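> Before I ask anything, here is the structure I am working with.
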Amino acid sequence: MASLPINPTLNSHTPTLKPKSSLKFPESHFITYQEDGRNDKLLHKSYYFKLLGSLCKQGKLQESVDFLNQMEYRNLYIGPEFYGELLQGCVNERDLQLGQQIHAKILKSGDFFAKNEYIETKLVIFYAKCDDFYVSNHLFCRLRKQNVFSWAAIIGLHCRMNLSKEALWKYIEMLENGILGDNFVLPNVLKACGALNFVEFGKCVHGHVCKLGFEGCVFVASSLIDMYGKCGFLDDARKVFDYMVERNVVAWNSLIVSYMQNGLNEEAIGVFYDMRTAAIEPTRVTLSSFLSASANLCALQEGEQGHAISILSGLDLDKILGSSLINFYAKVGLVNDAELIFDMLIEKDVVTWNLLMSCYVQSGQIDKALNLSRLMRLKGFRFDSVTLSTMLSASAELRDLKLGKEGHCFCIRNNFENDVVVASGIMNMYAKCEKIPDARRVFDYTVEKDLVLWNTLLAAYAEVGLSGESLKLFYQMQLYGLPQNTISWNSVILGFLRNGQINEAIDMFTQMKTVGLDPNMVTYTTLISGLSQNGHNGEALAYFKQLLQAGYRPNSASIVAALSASTNMASLHYGRAIHGYILRQKIPLSLPVATSLVDMYTKCGSLNSAKCIFDLIPEKELALYNAMISGYALHGRTIEALALFKHLCKEGVKPDSITFTSVLSSCCHAGLVKEGLDVLYDMLSVYHMQPRMEHYGCIITLLSRCGDLDEAMQLIQSMPFKPDANVFESLLVACRELRETELEEHIAKCLIKMEPENSGHYVSLSNAYATTGRWDEVSKLRDLMKKKGLRKRPGCSWIQVGTELHMFVSGDRWHPHTQEISTILALLDREMQLTRFFFNN
């Protein structure tokens, strides 16, 4: 930007003011005016002006003022440019108080200075840069001539005050007054366009940039990249970047930030590497954006490289860089590293405290989060809306209603209850604690409701399956003129799925497309998971295909949901297809995906494939161990299940209820009574876990199958809770096998009392009567079943051959190849009988 024009008129009215008594400037600074010449005076004026300017640039503002006072005392010439230089020094240092004193001195010096165009403009710039909105606007309106410099200052001020629309109106007014923008005005205008998402206006400004010849200005071009990035037009941002002849670090930063803010984290990292190749030294902004992109991708190696570069570049660990590093390490799960960065920070602000607190909450270390909040208060930091939201989130994760209510009370006492961020946190806390009416009450009492608040209540209703309430709220949003976004639609779909309303959920998904709103990854994942959980596995896999056809790269959650559908169908074909897609697309084998693959392969009969996946994961967690142990148990591989259980314990992984259920089930299938009792003993004495009904059920089944009915009955009587039907059913089967008819009859009668609508119990009792020849009782029991409308549920199984699924129901002969199947079964049965006869003899 060119320098402001200075009125060169010599001043014969320079006031003579006494300097401060404390001033002791060296005499060498001053040259005595010679009586005889104007040229000498101009020469000396230039010398003094340069000296004053040097002091201002060094930030020695008080010395500059003292120097000016000395000049006045010596009756030396002082022109408007001297006061302009002082004001510029105040701008550089953002020293509002000293600038106001200089302004007062200008006014006292008379109209020659006060009404000078250069001084008037400088004053507008000074107050604008110091963010004094009222004074700067007042002086601007009083300007006799509003030039491009004053317009640049006032437009920039509006942008900094987040008055973006007003900034654009000022720009339009400037153009109407015949003044064209320069390389200071245009970046501010583009910033306002980006803040408002006014891409069409921004394109018009881009046209002005080209017409005025500023496309080669690196600052204007960087602002164009930033504007297009904020508006989501990344192709246009990239074009501007590619056409730049000269690129500085600001331009590179603008492109990296644009990609990162639009979720294109891989592209952001790619641009960072290109920047390094171009030998451009990164700044804190560069590394902060790079670390954010790495955090979003959970890219540990890249983030650690960014940290190393910051150290090698000698960048101080300030609040900006420190916050980015804490955020990165928190998101990749390295809590200890996040703590180290926090401890190394010399100066901490509320943001850094909040980030570490959020890190603790995300990693489940709620106690640490609470202790940190107390320490934060002791250090004199005030909680803000983010702090309170984090604490409320901790309460929600713990389902700790008491802690959540304490947080709510704190918000009320400190006037945070109308903050929409805090209100959303309070509502989420009540929803997670299953206090939906309380969440609704908070919503109703919040004065200013934004889209986030509406979506929070929608999600609360959806999570507990209140589909009617969520749909009603969804339509209320339209009545209030609030446009629903993808999150709103996703919540309604989830509500229907939670309530088992499959058709309604699919209809909502279809309507979403008709209104021009594209389903996102969360939409597809919600639908796939919900369909799978409700037994609609074929439809779930069909929507997984749609997800791929829509061009989305599936995440862990969507892959796990699709694998779950394949497992429910016992479809090895689909499971392998999904596994193949994972390998072809080089999708990282995360623990949830690996666990789902192991579960799928074991339940679909491919134990070796499950073992291969299990062995591929270097750092195993409990869920993966459980899936593999359960697979061994399912396939009757008891030795392997027990060996893996012992290995798990040696590795220091604490087993849970599911682990013990799988191990005990495996012992039960193999009839290993001693081993099963040892596992139950370890559960009680070593891990101090109270066995549940399913654990007792496994042991009772184990004892029953081995003929220890008395031991089984004693265990039932000693259980700390009332036995359920499953426990008695396992005992019933054993009684039938051991021909304990009397006990079988007694247990069957107990089961009928427990579950009077279960036809299987009536059949069991009927079989007990038939064994002892009590046919009258059998007939009565069957008549009773007819009266109650109970029918024996036929067994059902299915097998997949190629892509075709074949289902077989007990007693049904509808299959077209029934005759051939029956022949093969008869041959197999004959072969088994012959083999048994051979071994028995």
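Placement of Cβ uses the backbone N, Cα and C atoms for every residue, glycine included.
As annotated in TrEMBL:
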| type | residues | note |
| --- | --- | --- |
| REPEAT | 217-247 | repeat 'PPR' |
| REPEAT | 248-282 | repeat 'PPR' |
| REPEAT | 349-383 | repeat 'PPR' |
| REPEAT | 450-484 | repeat 'PPR' |
| REPEAT | 485-519 | repeat 'PPR' |
| REPEAT | 520-554 | repeat 'PPR' |
| REPEAT | 621-655 | repeat 'PPR' |
| REPEAT | 656-691 | repeat 'PPR' |
| REPEAT | 758-792 | repeat 'PPR' |
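Relative to the rest of the structure, where do these features sit?
A Cβ distance under 8 Å defines the sequence-distant neighbours of the repeat 'PPR' (217-247), meaning residues of its chain 6+ beyond its ends; these are 183, 186-187, 190-191, 193-195, 197-199, 202, 205-206, 209, 253-255, 257-259, 261-262, 264, 278, 280.
As a whole-number mean, the pLDDT of the repeat 'PPR' (248-282) in this prediction is 90.
Nonlocal intrachain contacts for the repeat 'PPR' (450-484), taken as residues 6+ away from its ends with a CB within less than 8 angstroms of a stretch CB, comprise 420-421, 423-424, 427-428, 430-431, 434, 436, 439-440, 443, 491-492, 494-496, 498-499, 501, 504.
Remote same-chain partners of the repeat 'PPR' (485-519), defined as residues 6 or more beyond its termini with a Cβ less than 8 Å from a stretch Cβ, comprise 451, 454-455, 458-459, 461-467, 469-471, 474, 477, 526-527, 529-531, 533-534, 536, 539, 550.
Distant neighbours of the repeat 'PPR' (520-554): 486-487, 489-490, 493-494, 496-498, 500, 502, 505-506, 509, 512, 561-562, 564-566, 568-569, 571, 574, 578, 581, 585, 587; these residues of the same chain sit at least 6 beyond its ends, with a Cβ under 8 Å from one of its Cβ atoms.
Through the fold, the repeat 'PPR' (621-655) approaches residues 591-592, 594-595, 598-599, 601-603, 607, 610-611, 614, 662-663, 665-667, 669-670, 672, 675, 679, 687 of its own chain, all at least 6 residues removed from its boundaries and within a Cβ separation under 8 Å.
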> Please count the residues of the repeat 'PPR' (217-247) that DSSP assigns to helix (H, G, I), strand (E, B) and coil.
23 helix, 0 strand, 8 coil
> Could you pull out which residues elsewhere in the chain have a CB under 8 Å from any CB of the repeat 'PPR' (349-383), counting only those six or more residues past its ends?
319, 322-323, 326-327, 329-331, 333, 335, 338-339, 342, 390-391, 393-394, 397-398, 410, 414
